[in-house]
Ligand code: PGA
Ligand code: ZN
């Protein structure tokens, strides 16, 4: 496939910040892709450059790419990496590289007469499947608005509270989530007075007690007779300072935090604690606290998905390290963390070979691009985490899953 034209422009993401949208043309077919950005990024993520700086690089890059006839995605991504020449993509920028890699994937699928998820399934060698939907319905941490040291409004220390219907029908999952959100909004208004939204469109709960997010969800679910599971993205690096975890008014060491998770997850019948019967916990410890991860996986990992995100950053080297240390049993997969589609697929395949659960995820600042739904289906991911469906940039990914569900042949 020869690339005939590339256009790059700056668009506004869900937070109104600048991000990149690329357009690529070949054989009269034109595709568009845009890249999201993280707000609680892991240290080992590929590096992005300012969107304006990317605009300056694109004409040189286009000239380099136009000389080639690409048979495969790995060849295209490989050339981008060679032209970048760094390990962390800091020269051309992971955002610029990814915008082109996404376009190339969509274009190759289109030209081959395949859906994007079908092409990804062929490349990954994985059987396609519809993932569980992990809806981020309550937000805290660095994802709440006006988060700053001056801001004295209370804020849940955990970043995300997920509602997880145990169904592989995204249509049913979305309906159940929307029904839950209606009641949840009323309940937050009744208990706390005002209802605000976080970065991903989920509600905020003005409390410093991490457990309050789980409590209110449990109450709403009981009211609705809803039997879905709950999950958390703790994003613990965001409240780890000088060896201590600062959880609202509670300050604890790693052992204290592990005891706290034990309390939150314990089955109520043992009368040891609240027992929210959590299905999954993402980044329960700071990304430097490997011992914390290993201990929780050993203790709770047989029942709960212990998920690496900032810890593993969709990076094969970090995923291997996590395997050696038995630090997780599940992993977040984000295209932006590694910067090309082929490397994203490689990272997912590696984790899958370890028998881990795979969750494809959106970023704190999103666009209307729905690529990650196809990615989740094509690599046979166990979950798709795309924020709260009340925000349109999040909803389009769930809607794409529903569209795929409608054409499902199996
Ligand atoms: P992000 O956080 O803001 O870095 O995208 C989302 C997450 O931690 O999963
Ligand atoms: Zn995370």
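Glycine residues also receive a Cβ, built from the backbone N, Cα and C atoms like all the rest.
Nobody curates TrEMBL annotations by hand; they come from automatic prediction.
Over in TrEMBL, the protein carries these features:
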{"type": "ACT_SITE", "residues": "200", "note": "active site, proton donor"}
{"type": "ACT_SITE", "residues": "334", "note": "active site, proton acceptor"}
{"type": "BINDING", "residues": "282, 309", "note": "Mg(2+) binding site"}
{"type": "DOMAIN", "residues": "3-120", "note": "domain 'Enolase N-terminal'"}
{"type": "DOMAIN", "residues": "127-410", "note": "domain 'Enolase C-terminal TIM barrel'"}
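The structure, with features from TrEMBL marked on it.
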| residue | record | CB count, 10 Å |
| --- | --- | --- |
| 200 | active site, proton donor | 28 |
| 282 | Mg(2+) binding site | 29 |
| 309 | Mg(2+) binding site | 29 |
| 334 | active site, proton acceptor | 25 |
Open item on the list: Between the residue listed as 'active site, proton donor' and residue 334 (active site, proton acceptor), how many Å separate their Cα atoms?
Closed with: 16
Open item on the list: Counting by DSSP secondary structure, give me helix, strand and coil numbers for the domain 'Enolase N-terminal' (3-120).
Closed with: 51 helix, 25 strand, 42 coil
TODO: Could you list, ordered by sequence, which of these recorded positions: 200, 309, 334, have a Cβ under 6 Å from ligand 1?
DONE: 309
Open item on the list: Please report the distance from the Cα of residue 309 (Mg(2+) binding site) to the Cα of residue 334 (active site, proton acceptor), rounded to the nearest angstrom.
Closed with: 9
Task: Confidence summary (mean pLDDT) of the domain 'Enolase C-terminal TIM barrel' (127-410) - done: 93
TODO: Please state whether DSSP places residue 200 (active site, proton donor) in a helix, a strand or coil.
DONE: coil
TODO: Please check each of the recorded positions 200, 282, 334 and report the ones with a CB atom less than 6 Å from an atom of ligand 2, ordered along the sequence.
DONE: 282
TODO: Pop the Cα-Cα gap between residue 334 (active site, proton acceptor) and residue 282 (Mg(2+) binding site) into the table, whole Å please.
DONE: 14
